[in-house]
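Visitor: Below are the features I grabbed from TrEMBL:
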DOMAIN    41-434  domain 'Amino acid transporter transmembrane'
TRANSMEM  77-99  transmembrane segment
TRANSMEM  136-158  transmembrane segment
TRANSMEM  170-188  transmembrane segment
TRANSMEM  195-218  transmembrane segment
TRANSMEM  230-252  transmembrane segment
TRANSMEM  264-288  transmembrane segment
TRANSMEM  310-334  transmembrane segment
TRANSMEM  346-370  transmembrane segment
TRANSMEM  376-399  transmembrane segment
TRANSMEM  419-442  transmembrane segment
Amino acid sequence: MVGNYGEMEEQNQKLDQALEAEQAQLTDPSMNGHLKRLLWHGGSVYDAWFSAASNQVAQVLLTLPYSFSQLGYPSGIVFQLFYGVIGCWSCYMITSLYVEYRTRKEREGVLFKNHVIQWFEVLDGLLGPYWKAAGLFFNCTFLLFGAVIQLIACASNIFLLNDHLDKREWTYIFGACCMLTVLVPTFRNYRLWSFFGLLMISYTAWYMTIAALAHGQIPNVVHSAPTAKVPYFTGATNILYTFGGHAVTVEIMHAMWKPVKFKYVYIFATLYVFTLTIPSAIAVYWAFGDLLLEHSNALSLLPRSGARDLAVVLMLIHQFITVGFAVTPLYFVWEKIIGIHTSKNMLLRAVCRMPVILPVWFFAIAFPFFGPINSTVGALLVTFTVYIIPCTAHMRVFYTAKARQNAVVRPPFFMQSWIAIYLVNIFIVIWTIVIGIGWGGWASVTTFKDQIKTFGVFAPCYQCPPTAAPAPALSLNTTHHN
(Lines of atoms letter the chains of each structure in order from A and count residues from 1; the text may use other names and numbers.)
(Lines give C-alpha, C1' and ligand atoms only; values in the text may rest on other atoms or scores of the structure.)
Protein backbone atom coordinates (compact mmCIF):
# COMPACT_ATOMS: atom_id res chain seq x y z
CA MET A 1 0.00 0.00 0.00
CA VAL A 2 1.39 3.37 -1.03
CA GLY A 3 0.71 6.11 1.52
CA ASN A 4 0.30 9.84 1.14
CA TYR A 5 2.69 11.14 3.73
CA GLY A 6 1.73 14.76 3.20
CA GLU A 7 -1.89 14.09 4.18
CA MET A 8 -0.82 11.99 7.16
CA GLU A 9 1.48 14.72 8.38
CA GLU A 10 -1.19 17.37 7.99
CA GLN A 11 -3.61 15.32 10.07
CA ASN A 12 -0.98 14.70 12.73
CA GLN A 13 -0.13 18.38 12.82
CA LYS A 14 -3.75 19.47 13.29
CA LEU A 15 -4.26 16.87 16.01
CA ASP A 16 -1.11 17.82 17.88
CA GLN A 17 -1.81 21.54 17.61
CA ALA A 18 -5.38 21.07 18.80
CA LEU A 19 -4.27 19.00 21.77
CA GLU A 20 -1.56 21.47 22.71
CA ALA A 21 -3.89 24.44 22.34
CA GLU A 22 -6.52 22.75 24.46
CA GLN A 23 -4.00 21.85 27.14
CA ALA A 24 -2.52 25.35 27.09
CA GLN A 25 -5.94 26.95 27.52
CA LEU A 26 -6.72 24.69 30.44
CA THR A 27 -3.38 25.07 32.19
CA ASP A 28 -1.99 28.51 31.44
CA PRO A 29 -4.15 31.03 29.55
CA SER A 30 -2.10 33.97 30.87
CA MET A 31 0.21 36.26 28.93
CA ASN A 32 3.16 34.33 30.35
CA GLY A 33 1.71 31.16 28.90
CA HIS A 34 1.36 32.72 25.47
CA LEU A 35 4.93 34.05 25.61
CA LYS A 36 6.21 30.64 26.62
CA ARG A 37 4.54 29.04 23.62
CA LEU A 38 5.82 31.79 21.34
CA LEU A 39 9.45 31.67 22.47
CA TRP A 40 9.84 28.08 23.66
CA HIS A 41 7.72 25.74 21.51
CA GLY A 42 8.81 25.62 17.88
CA GLY A 43 7.98 23.21 15.08
CA SER A 44 7.52 25.25 11.92
CA VAL A 45 9.66 25.24 8.78
CA TYR A 46 11.07 28.58 9.93
CA ASP A 47 12.21 27.07 13.23
CA ALA A 48 13.85 24.23 11.31
CA TRP A 49 15.57 26.70 8.96
CA PHE A 50 16.99 28.69 11.84
CA SER A 51 18.15 25.48 13.53
CA ALA A 52 19.71 24.03 10.37
CA ALA A 53 21.51 27.22 9.34
CA SER A 54 22.62 28.09 12.85
CA ASN A 55 23.93 24.59 13.49
CA GLN A 56 25.68 24.20 10.13
CA VAL A 57 28.12 27.07 10.56
CA ALA A 58 29.59 27.92 13.95
CA GLN A 59 33.26 27.95 14.98
CA VAL A 60 34.19 26.55 11.56
CA LEU A 61 33.51 30.02 10.17
CA LEU A 62 36.67 31.17 11.97
CA THR A 63 38.78 28.36 10.48
CA LEU A 64 37.73 28.65 6.83
CA PRO A 65 40.26 31.44 6.09
CA TYR A 66 42.87 29.05 7.52
CA SER A 67 41.63 26.42 5.05
CA PHE A 68 41.90 28.95 2.20
CA SER A 69 45.54 29.52 3.16
CA GLN A 70 46.04 25.78 2.63
CA LEU A 71 43.95 25.48 -0.54
CA GLY A 72 44.14 28.80 -2.35
CA TYR A 73 41.19 30.78 -3.76
CA PRO A 74 39.99 28.47 -6.58
CA SER A 75 40.01 25.23 -4.59
CA GLY A 76 38.60 26.91 -1.48
CA ILE A 77 35.58 28.25 -3.35
CA VAL A 78 35.01 25.11 -5.43
CA PHE A 79 35.20 22.79 -2.42
CA GLN A 80 32.69 24.93 -0.51
CA LEU A 81 30.20 24.81 -3.38
CA PHE A 82 30.82 21.11 -4.04
CA TYR A 83 30.48 19.92 -0.46
CA GLY A 84 27.49 22.19 0.03
CA VAL A 85 25.71 20.52 -2.89
CA ILE A 86 26.49 16.92 -1.92
CA GLY A 87 25.66 17.81 1.68
CA CYS A 88 22.17 18.81 0.53
CA TRP A 89 21.91 15.56 -1.42
CA SER A 90 22.87 13.37 1.54
CA CYS A 91 20.42 15.34 3.68
CA TYR A 92 17.76 14.46 1.11
CA MET A 93 18.69 10.80 1.53
CA ILE A 94 18.33 11.07 5.32
CA THR A 95 14.99 12.86 4.99
CA SER A 96 13.64 10.19 2.64
CA LEU A 97 14.67 7.36 4.96
CA TYR A 98 13.22 9.09 8.01
CA VAL A 99 9.89 9.64 6.29
CA GLU A 100 9.87 6.04 5.06
CA TYR A 101 10.56 4.71 8.55
CA ARG A 102 8.06 6.94 10.32
CA THR A 103 5.31 6.23 7.82
CA ARG A 104 5.78 2.48 8.14
CA LYS A 105 5.65 2.71 11.92
CA GLU A 106 2.57 4.92 11.92
CA ARG A 107 0.80 2.49 9.63
CA GLU A 108 1.49 -0.13 12.30
CA GLY A 109 -0.12 2.12 14.90
CA VAL A 110 3.09 3.24 16.61
CA LEU A 111 2.86 6.68 18.23
CA PHE A 112 5.84 8.93 18.91
CA LYS A 113 4.17 11.29 21.37
CA ASN A 114 7.05 11.48 23.86
CA HIS A 115 9.67 9.63 21.83
CA VAL A 116 12.22 11.42 19.63
CA ILE A 117 13.16 9.37 16.57
CA GLN A 118 16.91 9.21 15.94
CA TRP A 119 19.06 8.19 12.99
CA PHE A 120 20.17 4.85 14.43
CA GLU A 121 16.51 3.90 15.00
CA VAL A 122 15.71 4.70 11.37
CA LEU A 123 18.55 2.42 10.26
CA ASP A 124 17.44 -0.30 12.67
CA GLY A 125 13.83 -0.18 11.53
CA LEU A 126 14.67 -0.23 7.83
CA LEU A 127 17.86 -2.31 7.64
CA GLY A 128 18.45 -4.16 10.90
CA PRO A 129 20.78 -4.24 13.93
CA TYR A 130 24.13 -4.09 12.11
CA TRP A 131 23.20 -0.85 10.40
CA LYS A 132 21.89 0.41 13.73
CA ALA A 133 25.25 -0.30 15.38
CA ALA A 134 27.17 1.50 12.63
CA GLY A 135 24.86 4.51 12.73
CA LEU A 136 24.95 4.67 16.51
CA PHE A 137 28.74 4.51 16.70
CA PHE A 138 29.58 7.05 14.01
CA ASN A 139 26.76 9.46 14.81
CA CYS A 140 27.38 9.55 18.55
CA THR A 141 31.14 9.81 18.15
CA PHE A 142 30.77 12.65 15.65
CA LEU A 143 28.35 14.53 17.89
CA LEU A 144 30.66 14.04 20.86
CA PHE A 145 33.63 15.54 19.05
CA GLY A 146 31.41 18.18 17.45
CA ALA A 147 30.65 19.40 20.96
CA VAL A 148 34.35 19.11 21.84
CA ILE A 149 35.26 21.37 18.91
CA GLN A 150 32.75 24.01 19.97
CA LEU A 151 34.06 23.95 23.53
CA ILE A 152 37.64 24.35 22.25
CA ALA A 153 36.48 27.31 20.18
CA CYS A 154 34.89 28.95 23.24
CA ALA A 155 38.24 28.92 25.04
CA SER A 156 40.09 30.12 21.95
CA ASN A 157 37.74 33.07 21.51
CA ILE A 158 37.45 34.23 25.10
CA PHE A 159 41.25 34.27 25.28
CA LEU A 160 41.15 37.09 22.70
CA LEU A 161 39.27 39.20 25.25
CA ASN A 162 40.93 38.09 28.46
CA ASP A 163 44.33 36.39 28.54
CA HIS A 164 44.68 36.45 32.34
CA LEU A 165 43.62 32.80 32.23
CA ASP A 166 45.08 30.36 29.72
CA LYS A 167 42.88 28.52 27.25
CA ARG A 168 42.82 25.33 29.29
CA GLU A 169 41.47 27.21 32.31
CA TRP A 170 38.83 28.84 30.13
CA THR A 171 37.88 25.35 28.90
CA TYR A 172 37.28 24.29 32.51
CA ILE A 173 34.93 27.25 32.97
CA PHE A 174 32.97 26.87 29.74
CA GLY A 175 32.74 23.11 30.21
CA ALA A 176 30.94 23.76 33.48
CA CYS A 177 28.65 26.29 31.76
CA CYS A 178 27.73 23.69 29.15
CA MET A 179 26.03 21.70 31.90
CA LEU A 180 23.11 24.10 31.45
CA THR A 181 22.24 22.38 28.16
CA VAL A 182 20.74 19.49 30.14
CA LEU A 183 17.75 21.76 30.83
CA VAL A 184 16.59 21.96 27.18
CA PRO A 185 14.06 19.15 26.59
CA THR A 186 14.05 18.82 22.76
CA PHE A 187 14.93 20.71 19.59
CA ARG A 188 11.50 22.36 19.59
CA ASN A 189 12.69 24.31 22.61
CA TYR A 190 15.61 25.84 20.70
CA ARG A 191 13.31 28.26 18.85
CA LEU A 192 14.62 31.46 20.45
CA TRP A 193 18.22 30.26 20.64
CA SER A 194 18.32 29.24 16.98
CA PHE A 195 16.98 32.60 15.89
CA PHE A 196 19.48 34.62 17.87
CA GLY A 197 22.28 32.17 17.09
CA LEU A 198 21.87 32.80 13.38
CA LEU A 199 21.86 36.55 13.91
CA MET A 200 25.08 36.24 15.92
CA ILE A 201 26.92 34.15 13.36
CA SER A 202 25.73 36.47 10.59
CA TYR A 203 27.14 39.49 12.38
CA THR A 204 30.48 37.75 12.94
CA ALA A 205 30.76 36.65 9.30
CA TRP A 206 30.07 40.10 7.90
CA TYR A 207 32.29 41.73 10.51
CA MET A 208 35.15 39.50 9.35
CA THR A 209 34.50 40.42 5.72
CA ILE A 210 34.25 44.16 6.25
CA ALA A 211 37.04 44.37 8.83
CA ALA A 212 39.45 42.44 6.60
CA LEU A 213 38.71 44.65 3.61
CA ALA A 214 39.01 47.79 5.73
CA HIS A 215 42.29 46.56 7.24
CA GLY A 216 43.79 45.95 3.84
CA GLN A 217 46.63 43.62 3.01
CA ILE A 218 49.55 43.28 5.41
CA PRO A 219 52.96 44.35 4.08
CA ASN A 220 54.49 41.83 1.68
CA VAL A 221 51.46 39.58 1.89
CA VAL A 222 51.97 36.18 0.27
CA HIS A 223 49.30 33.85 -1.13
CA SER A 224 51.30 30.73 -1.90
CA ALA A 225 48.65 28.01 -1.52
CA PRO A 226 48.50 25.29 -2.54
CA THR A 227 52.04 24.22 -1.74
CA ALA A 228 51.88 20.64 -0.47
CA LYS A 229 49.53 17.66 -0.30
CA VAL A 230 49.19 17.50 3.49
CA PRO A 231 47.91 21.06 4.06
CA TYR A 232 45.87 20.92 0.86
CA PHE A 233 43.84 17.87 1.81
CA THR A 234 43.67 19.01 5.44
CA GLY A 235 41.99 22.21 4.27
CA ALA A 236 39.68 20.32 1.93
CA THR A 237 38.59 18.01 4.73
CA ASN A 238 37.85 20.98 6.99
CA ILE A 239 35.39 22.18 4.33
CA LEU A 240 33.92 18.66 4.15
CA TYR A 241 33.40 18.99 7.91
CA THR A 242 31.81 22.44 7.43
CA PHE A 243 28.98 21.12 5.29
CA GLY A 244 28.57 17.90 7.25
CA GLY A 245 26.55 19.49 10.02
CA HIS A 246 23.43 17.40 9.49
CA ALA A 247 24.25 14.74 12.06
CA VAL A 248 21.25 16.16 13.94
CA THR A 249 19.00 16.14 10.87
CA VAL A 250 16.62 13.48 12.17
CA GLU A 251 16.16 15.16 15.54
CA ILE A 252 15.44 18.54 13.91
CA MET A 253 13.01 16.89 11.46
CA HIS A 254 11.21 15.12 14.26
CA ALA A 255 10.67 18.47 15.96
CA MET A 256 8.86 19.77 12.85
CA TRP A 257 5.16 19.64 12.26
CA LYS A 258 5.87 18.53 8.66
CA PRO A 259 9.24 16.74 8.58
CA VAL A 260 8.94 15.94 4.87
CA LYS A 261 9.68 19.59 4.10
CA PHE A 262 13.08 19.52 5.74
CA LYS A 263 14.86 18.66 2.48
CA TYR A 264 13.83 22.09 1.15
CA VAL A 265 14.65 23.77 4.44
CA TYR A 266 18.20 22.44 4.32
CA ILE A 267 18.78 23.68 0.76
CA PHE A 268 17.82 27.23 1.70
CA ALA A 269 19.89 26.97 4.87
CA THR A 270 22.94 25.96 2.82
CA LEU A 271 22.42 28.79 0.34
CA TYR A 272 22.35 31.27 3.22
CA VAL A 273 25.46 29.73 4.75
CA PHE A 274 27.29 30.30 1.44
CA THR A 275 26.69 34.05 1.86
CA LEU A 276 28.49 33.88 5.22
CA THR A 277 31.37 31.50 4.57
CA ILE A 278 32.61 32.41 1.09
CA PRO A 279 32.93 36.22 1.38
CA SER A 280 34.50 36.10 4.85
CA ALA A 281 37.06 33.43 3.91
CA ILE A 282 38.06 35.24 0.72
CA ALA A 283 38.37 38.63 2.43
CA VAL A 284 40.43 37.43 5.41
CA TYR A 285 42.74 35.33 3.22
CA TRP A 286 43.19 38.31 0.86
CA ALA A 287 44.22 40.51 3.80
CA PHE A 288 46.55 38.15 5.67
CA GLY A 289 47.62 35.45 3.21
CA ASP A 290 50.00 32.79 4.49
CA LEU A 291 50.03 34.33 7.97
CA LEU A 292 46.81 32.37 8.51
CA LEU A 293 48.79 29.12 8.42
CA GLU A 294 49.93 29.91 11.97
CA HIS A 295 46.59 31.39 13.12
CA SER A 296 43.72 28.96 12.68
CA ASN A 297 41.34 31.40 14.43
CA ALA A 298 40.82 34.27 11.97
CA LEU A 299 39.62 36.66 14.68
CA SER A 300 43.07 36.56 16.28
CA LEU A 301 44.52 38.47 13.30
CA LEU A 302 41.95 41.24 13.12
CA PRO A 303 42.81 44.37 15.15
CA ARG A 304 41.06 44.66 18.47
CA SER A 305 38.11 47.05 18.51
CA GLY A 306 34.63 47.29 19.90
CA ALA A 307 33.25 45.62 16.78
CA ARG A 308 35.71 42.73 17.06
CA ASP A 309 35.02 42.27 20.76
CA LEU A 310 31.30 42.16 20.00
CA ALA A 311 31.96 39.51 17.34
CA VAL A 312 33.92 37.46 19.86
CA VAL A 313 31.14 37.69 22.46
CA LEU A 314 28.45 36.77 19.95
CA MET A 315 30.51 33.82 18.71
CA LEU A 316 30.89 32.63 22.30
CA ILE A 317 27.14 32.65 22.81
CA HIS A 318 26.56 30.96 19.47
CA GLN A 319 29.12 28.27 20.20
CA PHE A 320 27.46 27.62 23.53
CA ILE A 321 24.17 27.11 21.66
CA THR A 322 25.88 24.81 19.16
CA VAL A 323 27.25 22.68 22.01
CA GLY A 324 23.62 22.18 22.97
CA PHE A 325 22.74 21.16 19.41
CA ALA A 326 25.50 18.54 19.45
CA VAL A 327 24.89 17.04 22.89
CA THR A 328 21.08 17.00 22.88
CA PRO A 329 20.92 13.90 20.62
CA LEU A 330 23.48 12.28 22.91
CA TYR A 331 21.20 13.07 25.84
CA PHE A 332 18.36 11.28 24.01
CA VAL A 333 20.52 8.18 23.42
CA TRP A 334 21.60 8.09 27.07
CA GLU A 335 18.00 8.52 28.25
CA LYS A 336 16.92 5.58 26.11
CA ILE A 337 19.73 3.42 27.45
CA ILE A 338 18.77 4.05 31.09
CA GLY A 339 15.03 3.96 30.36
CA ILE A 340 13.85 7.50 31.18
CA HIS A 341 13.45 9.00 27.70
CA THR A 342 9.65 9.12 27.79
CA SER A 343 9.52 10.43 31.35
CA LYS A 344 7.72 13.76 31.83
CA ASN A 345 9.88 14.55 34.87
CA MET A 346 12.32 16.99 33.25
CA LEU A 347 14.27 17.44 36.49
CA LEU A 348 15.02 13.72 36.60
CA ARG A 349 16.06 13.74 32.95
CA ALA A 350 18.28 16.79 33.44
CA VAL A 351 20.14 15.20 36.36
CA CYS A 352 20.61 11.93 34.48
CA ARG A 353 21.96 13.77 31.43
CA MET A 354 24.90 15.33 33.28
CA PRO A 355 27.41 12.48 32.82
CA VAL A 356 27.17 12.91 29.02
CA ILE A 357 28.98 16.26 29.10
CA LEU A 358 31.99 14.87 31.01
CA PRO A 359 33.77 13.20 28.04
CA VAL A 360 33.20 16.38 26.02
CA TRP A 361 34.96 18.32 28.74
CA PHE A 362 37.84 15.83 28.93
CA PHE A 363 38.61 15.65 25.19
CA ALA A 364 38.42 19.44 24.82
CA ILE A 365 41.08 19.79 27.51
CA ALA A 366 43.23 16.95 26.12
CA PHE A 367 43.24 17.99 22.43
CA PRO A 368 42.74 21.77 22.19
CA PHE A 369 43.93 21.93 18.56
CA PHE A 370 41.53 24.55 17.21
CA GLY A 371 41.41 24.05 13.42
CA PRO A 372 43.32 20.78 12.81
CA ILE A 373 40.85 18.79 14.93
CA ASN A 374 38.05 19.83 12.54
CA SER A 375 39.77 18.10 9.63
CA THR A 376 40.46 14.96 11.63
CA VAL A 377 36.84 14.66 12.72
CA GLY A 378 35.75 15.40 9.16
CA ALA A 379 37.89 12.67 7.64
CA LEU A 380 37.24 9.93 10.18
CA LEU A 381 33.66 10.60 11.30
CA VAL A 382 31.76 13.05 9.05
CA THR A 383 32.61 10.97 6.00
CA PHE A 384 30.74 7.96 7.37
CA THR A 385 28.01 9.72 9.37
CA VAL A 386 26.92 12.27 6.80
CA TYR A 387 27.86 10.89 3.39
CA ILE A 388 28.63 7.18 3.19
CA ILE A 389 26.01 5.66 5.51
CA PRO A 390 23.00 7.76 4.32
CA CYS A 391 23.77 7.22 0.61
CA THR A 392 24.52 3.51 1.03
CA ALA A 393 21.48 2.95 3.25
CA HIS A 394 19.20 4.64 0.71
CA MET A 395 20.49 2.34 -2.03
CA ARG A 396 20.01 -0.71 0.19
CA VAL A 397 16.46 0.19 1.32
CA PHE A 398 15.22 0.76 -2.24
CA TYR A 399 17.20 -2.04 -3.83
CA THR A 400 14.11 -4.01 -4.96
CA ALA A 401 11.53 -2.90 -7.50
CA LYS A 402 8.77 -3.39 -4.93
CA ALA A 403 10.47 -1.05 -2.44
CA ARG A 404 10.90 1.61 -5.13
CA GLN A 405 7.29 1.26 -6.21
CA ASN A 406 6.00 1.68 -2.64
CA ALA A 407 8.44 4.43 -1.66
CA VAL A 408 6.73 7.17 0.32
CA VAL A 409 9.08 9.86 -1.00
CA ARG A 410 9.33 9.74 -4.77
CA PRO A 411 12.45 10.80 -6.73
CA PRO A 412 12.83 14.58 -7.00
CA PHE A 413 11.33 16.42 -9.97
CA PHE A 414 14.76 17.14 -11.45
CA MET A 415 15.84 13.48 -11.30
CA GLN A 416 12.94 11.12 -11.91
CA SER A 417 15.14 8.09 -12.59
CA TRP A 418 16.06 5.75 -9.77
CA ILE A 419 19.13 4.74 -11.79
CA ALA A 420 20.32 8.35 -11.72
CA ILE A 421 19.80 8.48 -7.95
CA TYR A 422 21.90 5.33 -7.57
CA LEU A 423 24.65 6.78 -9.77
CA VAL A 424 24.80 9.97 -7.69
CA ASN A 425 24.93 7.96 -4.47
CA ILE A 426 27.69 5.71 -5.82
CA PHE A 427 29.71 8.74 -6.92
CA ILE A 428 29.40 10.38 -3.48
CA VAL A 429 30.40 7.17 -1.68
CA ILE A 430 33.45 6.61 -3.91
CA TRP A 431 34.51 10.27 -3.73
CA THR A 432 34.18 10.30 0.05
CA ILE A 433 36.17 7.10 0.47
CA VAL A 434 39.00 8.15 -1.84
CA ILE A 435 39.24 11.89 -1.18
CA GLY A 436 37.65 12.24 2.26
CA ILE A 437 38.88 9.16 4.09
CA GLY A 438 41.90 8.32 1.95
CA TRP A 439 43.71 11.54 1.13
CA GLY A 440 41.86 13.61 3.73
CA GLY A 441 42.36 11.06 6.49
CA TRP A 442 46.07 10.75 5.75
CA ALA A 443 46.61 14.52 5.68
CA SER A 444 44.43 15.27 8.71
CA VAL A 445 45.91 12.57 10.92
CA THR A 446 49.41 13.66 9.90
CA THR A 447 48.62 17.26 10.83
CA PHE A 448 46.98 16.18 14.09
CA LYS A 449 50.01 14.09 15.07
CA ASP A 450 52.26 17.06 14.32
CA GLN A 451 50.17 19.21 16.65
CA ILE A 452 50.53 16.64 19.44
CA LYS A 453 54.30 16.45 18.92
CA THR A 454 54.63 20.23 18.86
CA PHE A 455 52.23 21.33 21.58
CA GLY A 456 51.65 18.15 23.58
CA VAL A 457 48.54 16.59 25.02
CA PHE A 458 46.63 18.81 27.50
CA ALA A 459 48.36 21.90 26.08
CA PRO A 460 47.69 24.83 28.42
CA CYS A 461 47.53 27.49 25.72
CA TYR A 462 47.42 26.30 22.09
CA GLN A 463 48.89 28.84 19.62
CA CYS A 464 49.20 31.52 22.30
CA PRO A 465 51.74 34.35 21.96
CA PRO A 466 55.00 33.64 23.85
CA THR A 467 54.26 36.24 26.53
CA ALA A 468 50.87 34.74 27.25
CA ALA A 469 51.82 31.09 27.18
CA PRO A 470 52.21 29.46 30.60
CA ALA A 471 54.33 26.45 31.48
CA PRO A 472 54.85 23.81 28.77
CA ALA A 473 52.34 21.02 28.34
CA LEU A 474 52.89 17.30 28.57
CA SER A 475 54.76 17.02 25.27
CA LEU A 476 56.07 14.15 23.21
CA ASN A 477 59.26 16.05 22.39
CA THR A 478 60.98 19.27 23.33
CA THR A 479 60.00 21.37 20.30
CA HIS A 480 57.50 24.16 20.89
CA HIS A 481 55.83 26.36 18.35
CA ASN A 482 53.97 29.64 18.65
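Quick reminder: no glycine exception, Cβ is built from N, Cα and C everywhere.
I would like each feature placed in context: is it buried or exposed, what are its neighbours, and how far apart are things?
Guide: Same-chain neighbours of the transmembrane segment (77-99): 5, 64, 71, 117, 119, 122-123, 126, 235-236, 239-240, 242-246, 249-250, 253-254, 259-260, 262-263, 266-267, 270, 273-274, 277-278, 281-282, 386-387, 390-391, 393-394, 397, 407-409, 412, 424-425, 428, 431, counting only residues six or more beyond its ends whose CB sits under 8 Å from a CB of the stretch.
Same-chain neighbours of the transmembrane segment (170-188): 41-43, 47, 51, 116, 147, 151-152, 154-155, 158-159, 248, 251-252, 254-255, 320, 323-325, 327-328, 331, 346, 349-351, 353-354, 356-357, 360-361, 364-365, 368, counting only residues six or more beyond its ends whose CB sits under 8 Å from a CB of the stretch.
Away from its own ends, the transmembrane segment (195-218) comes close to residues 50, 53-54, 57-58, 61, 65, 276-277, 279-280, 283-284, 286-289, 291, 298-299, 302-303, 305, 307-308, 310-311, 314-315, 317-318, 321-322 of its chain (Cβ-Cβ under 8 Å, at least six residues beyond either end).
Remote same-chain partners of the transmembrane segment (264-288), defined as residues 6 or more beyond its termini with a Cβ less than 8 Å from a stretch Cβ, comprise 45, 48-49, 52-53, 56-57, 61, 64-65, 67-69, 73, 76-77, 80-81, 84, 87-88, 91-92, 95, 201-202, 205-206, 208-210, 212-213, 215-218, 221, 223, 242-243, 246, 249, 295, 298, 301-302.
Same-chain residues lying 6+ beyond the ends of the transmembrane segment (310-334) with a Cβ under 8 Å from its Cβ atoms: 51, 54-55, 58-59, 62, 116, 118, 120, 136, 139-140, 143-144, 146-147, 150-151, 153-154, 157-158, 160-161, 174, 177-178, 181-182, 184, 186-187, 190, 193-194, 196-197, 200-201, 203-204, 207-208, 247-248, 251, 299, 341, 349, 352-353, 355-357, 360.
Here the transmembrane segment (376-399) has Cβ contacts under 8 Å with residues 86-87, 89-91, 93-94, 96-97, 100, 123, 126-127, 131, 134-135, 138-139, 141-142, 145-146, 149, 237-238, 240-241, 244, 246-247, 407, 418, 421-422, 425-426, 428-429, 432-433, 436-437, 440-441, 443-445, 447-448 of the same chain, all six or more residues outside its ends.
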Visitor: Establish whether the number of Cβ pairs under 8 Å between the transmembrane segment (230-252) and the transmembrane segment (136-158) reaches at least three, counting only pairs separated by 6 or more residues.
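Guide: Result for the transmembrane segment (230-252) with the transmembrane segment (136-158) is yes.
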